[in-house]
Each structure stands twice: as C-alpha cells, then as structure tokens.
Amino acid sequence: MTAGLLLDLLLALAVLGTAAWTLAARSQFAAVIGFVVTGLLLTLVWVRLGAVDVALTEAAIGAGATGVILLYVVARLRGGEAEISAATPSRAQRALAALLALSVGGALAYGVLSLPDPAPSLAEAALAGTAPLGLGNPVSAVLMAHRGLDTLLEAIVLVFAVLAVWSMAADHRWGGRPGPVFQREEHGPLSLLARILPPVGIVIGIYIAWVGADSPGGKFQGGTILAAMWVLPWIAGLVRPPSVTDWRLRLMIAIGPLTFLAVGLAGFVVAEGFLAYPPGFAKPLILLIEAAMTLSVAAALACLIAGPPERRRRA
Amino acid sequence: MTATTPEGWLLVLALTLPAGAMLLAFVAGGRHAQRIALGALALWLVIAFAIALQVQRGGAPLAYLIGGWQPPLGMALRADGLSAAMLLTGAVVLLAVALFGRAPYATPRGAQETRAAYAYWCFLPALAASLAAAFLGGDLFNLFVALEMLTFTALALACLDGKPSQFKSELRYLLFALIGSVLYLLGAGLLYGAHGTLDIALLAGRTRADAPTLVAGALMTAGLIAKMALFPLHLWLPPAHAGAPAAASALLSGLVVKGAFVLLLRLWFWVLPAPVVLNGGTLLAALGAAAILIGSVVALRQERLKLLVAYSTVAQMGYLFLMFPLLAAGDAETASRAWLGGVLQAVSHALAKAAMFLGAGLIAASLGHDRVAALGGAARVMPITVIAFAMGGLSLMGLPPSGGFGAKWLLLRASVETGQWWWSLVILSGGLLTGGYVYRIVAAALAPPAPGCEARPVPRAQELCVLALALASILLGLVPLKDLGLVRVGAP
C-alpha cells in the first residue's frame, strides 16, 4: 500500500516536472522530447489507474503519433527564424496564458475535489452489457455498442482531418504525392530498422487491434502501430505514398467509417434499429468494423503525418 | 425515460445521409463529388422539412435511441422545435450555397480534379452532417464530437482559396476553437463525475447549484462563447470570416457559429439549474449588448465590404444572448416570447447573413475589389444582388416585414414585460447602427460608377441564389407568429 502510494507520488511529481521542463525548454526540439516523455509518464499514470485502454491510446496517439508530427514540424521550421520570432507570443501574452491556465486548473481542482464520493458510475451497467455482445472488454462494448455513434462520428472526423490537411496544398500540386521526398538510404541504422522492424510491427499492430474485443487494445492503438510501420520505411526513402487523387488510397481511408455506417444502417433491417446488432452476430460484425477501421486509422494517420502534397503532379 | 418515437428514424437519416455522402464524395472525387453532394443536400432538405413537419404536427419532440440502448448507458438523438427549426435553416442555406458554388467550383467534363472543387464538394455534406450532429445530439459528449466536426469543416472551408495569408487568421481561429473544445470537454467530464450521466434529458432533473456543476457550467460556457465569438472573444472572427471565399464565409457566419449557440441553449436551459441561469444570464446578455454596440460601431467604420459584413456578425450574434435573462425572469408567456425571439434571430440571421456574404462576394468578384467607398456602379451591373443585399440588411436592422423584425420585436416586448427595459435601448440603438452601415453600402452601390471603373457581369444563377436566401429572410417575417409554434415544441 505505502509502496504503491510512493510510486504514485513519484509518478505525479515526474509528470509535473517533465511538463514544467517542456514549458521552460529553450529549443523546440527539447520541448518536443519533453512532451513525448510527459506523454509516456502519463501512460504509466493511466496504467496505475487501471485504465489500460487509455494508457495504450495515450502511448500510441498522445506520445507517439503526436510526437512524430511535432518533431516533423520542428524539422520543417528550421530556417524560418524570422517568422517564428514574429509569431512567438510576447511576455505579457504568456503571462496571460499562464493566468488563464492557472485559473482553469484551480477551478477544475475545486470541482473535482467536491465531486461526490463514491462517484456515480455506469461501470456496472457497462459490464453487464458486455457479455451479451460476446465481447470480453467492456471498453470495446461501450465504444462499439453503447456509445457506437460517438465512435462512428470520430471515425468520420478522421476523414475530415485528412481532407482538411490535403486541402491546405497549393493548387498546382494537387494530384501529387503527399509529403516531402526522402533520399533512399541503402545503408545505415534507419535503413536497417526500416527493413527489419515492419514485419514484426505489422504483426503486433494487427494483434493489438484483434485482441481489442476481449482485452485492452483495439483499432486506434493497432492502427497507429501500423501507420508507424509505414512511416518508418517512408522516411528511409524505401516507399512512396500514393497520389492524393488515387481512389485506392481514398477508399482505404474511408472504408472504416463506410463499413461502420453500412453495418449501422443494416441494423434497421436485420436488428432492432440503427447501430443495433442482431443477437448472436454482434461479435463478428464488431470484428468486421474493427478490421476495416484499423486499416482506415492506419492510412489516415500516415496521411496526417505525411501532410499535403508537396510536389507537382506528374504529366 | 426516452423512447424511440415512430418517426425517430428520420433523425438517423438526417445524420447518416450527409455523412455517407461525404465519404462517397471523398472516395469518388472529381465530377462525382459534386453530383453526390448536390443530390445529398437536396434530399437533406426534404428530410429536414419532414422532421419539422412531424414535430409541428405532433407537438412533441422526436427521439431515437441509438442501437436501442437506453441512456445513461446508451445515447439518444432528439429533435424538438429548436432542433427542427435550425436543421431546416441549415438545409436551406446549405442548398442555396451549394447551388451558388456550382459555377466557381465546377469540374468541367474531362478536366482533372482540382483541389478547391474537391474540398468544397466534400465539405458541404460534411458540414451538413456536423450540423445534424450538433442540432440533434442529446448527449453532451456526442455534442463534443459534433463540435470537433464543425471545427474541422469550418477550418477547411475557410482555407478553400489556399492563400497563405488566410492560413494565419485560420490558425488563430483554430486556437480559439480548440481551447473552446477543451474547456467544453473538461466541463462535460465534471458533469459526468458529479451526476453519472451525459444525457441532457437526464441531467435536467439531476443538477443542483453545487461546485462541480457551477465549475462545469462556467468552463463549458466559456468554451462555447469563444466558438461563437461573443465579445470580448470576438477578435478571431472578422479576419477568419472575411478572408474566406464568399461561399465559405456565408456558411461560417450563417451556420457554423449557430452550432455552438444550440449547444449553449442546451447547456443553460436544460442542464444548468434555474438559479444559475437567472444570475448568469444577465452577464451573458451584458456581453451580448456590448457585442451589439461595439460590433456595429466597428462595422460602421470598416473600409472593406467583407470585413464590414463580418463585424456585423459579431454584432448580430450579440442579440442571441439577450434572450438569456428574459427567459429566466419572465412568466411563461414572456419566456415563450423571449425563446421564440432568440431562435428566430438565429434563423433569420443565418438566412440574411448568408445572402449578404454571397452578395458581397459577387460584388467583389465583379468590381475586382471590395472597398466600400468605390462600390459605385454595382447596382447597375447587378441590380438583383444589390437588392438582395439590401433585403438581408433590412432583416438585420429589424425593419418590418422581415424575420429580423419578428425576432427583435419579440425580444423588445419581453424586455419591457420583464422590466428589463435597458435591453430594449440596446436593441433599438443596435438597429439604428445596423441601418447606418447597411445604408453606407447600399448608397455607395447605387452611386454612379467612377470613371474608369469596369464592372464585369456576374452569372444570373448565382444572383438568384443570393436573392432566394434574402427573400427567405424577409418571408420569415410574414409567417404569422402562431405558425411559428414549431419553435416552442419542447422549449424549456
């Protein structure tokens, strides 16, 4: 008990410490590293709280994918010192932001401390609703059944996001391949890693997505790992993304929400209504949606990391 | 207990049709994207009309339990009069803007897909889906997802021109919008922690003026008014809306900001307990009054037409906040009047402002600039556009007969009846200032052309879209008030 408490205290201090360090960091690169470390420590916090699904998501999306995007931004910002210093907030603005953050933090702390104890919870209802669906992970039951509409709309938001990023391209580059060109590396650690890691990583990604029905894991976490397994050889110059006008790429991004929507609407005919599953068929249908969604999450995240097309379309 | 009503499936259709259309347009691209979007938006209008008809006839809200799961574990879509009226408004404005965009975002047969056209025809159904989620959502977290959908859609639509200069003001918008989303989400989390549900109908009976509810209410309100650009959080709006292409500006100013408005109404009149609304409403209305006066004065001083129209949005959004103290303080009849006035303001502003932004876009395209001082000759080249613009202006001023008149008249009466006469002074002076800036533009457009000024004619089809929206904002004022009972169905 005391050992656990000590660990929690250390973790909390470490999260606060790395967060403060991130804010105080002089260079952008250091700040991003601080951000990623904070995210990884938060992952441990979630594990300590027993929320393994959230921990996996924090590690994959919060620290992993966001960290990669931020590192990429830091690299792209090199040479733009004038613009960066012009856009850097002044001392007064920063003080104002700090004041705002402190007051929000203070209000939140006050609110949280005055929450009823024990807190009202739907955990039991969710647990009771898990087994009838043939699932073992109540988190998946909430995401795919009880609050299926949230997940469906989030899946659609992912398509919005890819399209929004693409639409920031210059007009004459439409139809080109997303992102910059990387020199093909035949030797060196990156090239080696990009060749040997993906086979293993792809298996792990699919596994994490697959076990989501019964254990912590699922489409978002698995899809993120799959996206990373594409980004690595892309940065090593071994693979190139397809053009943004390639319908196969677009279909891959949209197939998850399209499948989800189709299964949901089929519920009108074969089950009790929209997003209801016919008895006995809940798990296979959920697995079908999860499989399509894993593919879409992977493709969408890879596209979000690569960014808008940066070269002209080939004649 | 919520139960699925017989016509509840219409709500699912209103959400899934545009969402599915967006996904199909995204995959198909090119000319197909345009066809899919136009077809879906036309059908969406039919669905919105059917929902409004069902709500009006039945006199009771529609509801649909997703997957048959009962809240609090599951979630419901609901359509009361507010949802139905806003959905119908959204459908009318979106279809008109879509038809307006057929010329500038066309993909000729055999031509390669272009970036702007592809983004435009994908994001129109995307906006429809986002609005449906925001207007029909019955669950605070589901509404958060709707807010996220709206943010992405608004951002992409505003950057449709692909001008780097626009990215800067959109980045500022994104910052405001995301901070707003985070504050909203934190508040929703607190409410769940305190009451064990996110369902609005269930929360309505459970909240008391305790610490978590108050903090949550404050955070969520701050987040939503940042998204609605209420004074003093309005600075992001004018450059973001004025810099976008005309069709996008019309959607941003007419519809996107109304999504957060509906959420704010749900939060204040369903979730928060009555004493909070009574005390906090006056503060919101005071900010609204400041928005009306300051926004109108700043609009009066603008040199550019589109910026002027954008500042007018800041002012007109201010009127929406006047209903808060009036609803809380009055007896049933006065409260009902304030409610109708507020919602009518949202609807008529959406129609009028969309018409005015489209009109401003046509004027700018024809003259090659949008300097207010040099609009001379515009009325000769495009009389329909200038008339439509003036009609939209009349509605904003609150002159009869127009939707804006109905809205402002109801709010005025409610303010007198509740003894809060000071709001009526704000409404009247806001109307005068609005008259000032609308007159400035119309007078300039009616002036003879400056020598050397060459105005190009604009497509008649586009002018007719502007006219249709402006006429709708006027005709709204001719509907007898008793027929607007739709808005009162399920009102707080």
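One-based numbering along the chain as shown.
Here the Cβ of each residue, glycine as well, is placed from N, Cα and C on the backbone.
TrEMBL lists A:14-78 with the feature domain 'MrpA C-terminal/MbhD'. Helix first, then strand, then coil: DSSP counts for the domain 'MrpA C-terminal/MbhD' (A:14-78) stand at 58 helix, 0 strand, 7 coil.
Per TrEMBL, transmembrane segment is recorded for A:29-47 (among others).
As annotated by TrEMBL, transmembrane segment applies to A:54-75 (among others).
According to TrEMBL, the transmembrane segment annotation covers A:95-113 (among others).
Feature annotation from TrEMBL assigns transmembrane segment to A:151-169 (among others).
Mean model confidence of the domain 'Na+/H+ antiporter MnhB subunit-related protein' (A:190-296) amounts to 92 (pLDDT, 0 to 100 scale). Annotation comment: TrEMBL describes A:190-296 as domain 'Na+/H+ antiporter MnhB subunit-related protein'.
Summarising the annotation, TrEMBL assigns transmembrane segment to A:190-210 (among others).
Sequence annotations record features per position, and here TrEMBL assigns transmembrane segment to A:222-239 (among others). Same-chain residues lying 6 or more positions outside the transmembrane segment (A:222-239) and placing a CB less than 8 Å from one of its CB atoms are 60-61, 64-65, 68, 179, 181-185, 190-191, 193-195, 197-198, 201-202, 204-210, 212, 293-299, 301-302, 305-306.
Residues annotated as transmembrane segment in TrEMBL: A:251-274 (among others). Here the transmembrane segment (A:251-274) has Cβ contacts under 8 Å with residues 148, 151-152, 155-156, 158-159, 162, 219, 281, 285, 288-289, 292-297, 299-300, 303 of the same chain, all six or more residues outside its ends.
Here TrEMBL flags A:286-307 (among others) as transmembrane segment.
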Summary of DSSP states over the domain 'Na+/H+ antiporter MnhB subunit-related protein' (A:190-296), given as helix, strand and coil counts = 78 helix, 0 strand, 29 coil
Contact count check, CB pairs under 8 angstroms to the transmembrane segment (A:286-307), set A:29-47, A:54-75, A:95-113, A:151-169, A:190-210; argmax is A:151-169
Residues of the same chain, at least six outside the transmembrane segment (A:95-113), with any C-beta under 8 angstroms of its C-beta?
-> 89
